[in-house]
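Structure, as structure tokens:
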């Protein structure tokens, strides 16, 4: 409320945030020298560049000027095409890429996955669990349809941290999904972050996709300040730090 953001000096240093999304405008001044391309998996996508805008905005909320964890590493994993869509096989390839990278580097890794499949897709829930069983934290969006988030995946995945949207007055956003599958609420209304028209562009967007990277940044801050935890314990730790009885 006072316009000041105070954060730990470690600021997410040494933590990798994998942005599984529409790609990122990696030439944007917010990301130059602070991001690397992990992989491009969507059909017909020739590069990791963001042709839609979503992934760039999400990445900007994790770190840099607008971000929660100023020193976290951003890794761009493009799974969504220029229309912001992908089939499940592409999503699975992106997730498996992170699992394999995690096994090879043993770093502290977080996945930001803000996709919505309007069904409880068991195989996606299983993939999320494979991530968390391997020590990769997975943060997902609750969805923007004002209904029960348990009716879709990956929001319904028990081992993910599922994030709903709140506004600056600490009300639940009118569009936010809700229900027992939502673990926590984070800012998702009128969020300013990097965008894609040029290398200095910014944009204000709404959505639980804007909420999830706030939590990714918070997990990165926690890891760099207090040390890593198993995914289930990390979820409990983040929830214990949240303000209660507000939403």
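From the backbone N, Cα and C atoms, a Cβ is placed for every residue, glycine too.
Across the domain 'Peptidase S8/S53' (14-244), mean pLDDT in this model comes to 95. Summarising the annotation, TrEMBL assigns domain 'Peptidase S8/S53' to 14-244.
Counting every protein chain shown, the Cβ of residue 21 (active site, charge relay system) has 28 other Cβ atoms within 10 Å. The feature active site, charge relay system is assigned by TrEMBL to 21 (among others).
If you look up TrEMBL, you'll see 54 (among others) marked as active site, charge relay system. Around residue 54 (active site, charge relay system), the same-chain residues at least 6 positions away in sequence with a Cβ under 8 Å from its Cβ are 21, 22, 80, 84, 114, 209.
Within its own chain, the transmembrane segment (110-128) has Cβ neighbours under 8 Å at 15-21, 54, 58, 62, 79-80, 86, 88, 91-92, 95-96, 98, 136-141, 143-144, 150-160, 207-209, 212-213, 216, 219-220, counting only residues six or more beyond its boundaries. Residues or ranges marked as transmembrane segment by TrEMBL: 110-128.
Over all protein chains present, the Cβ of residue 209 (active site, charge relay system) has 28 other Cβ atoms lying within 10 Å. Summarising the annotation, TrEMBL assigns active site, charge relay system to 209 (among others).
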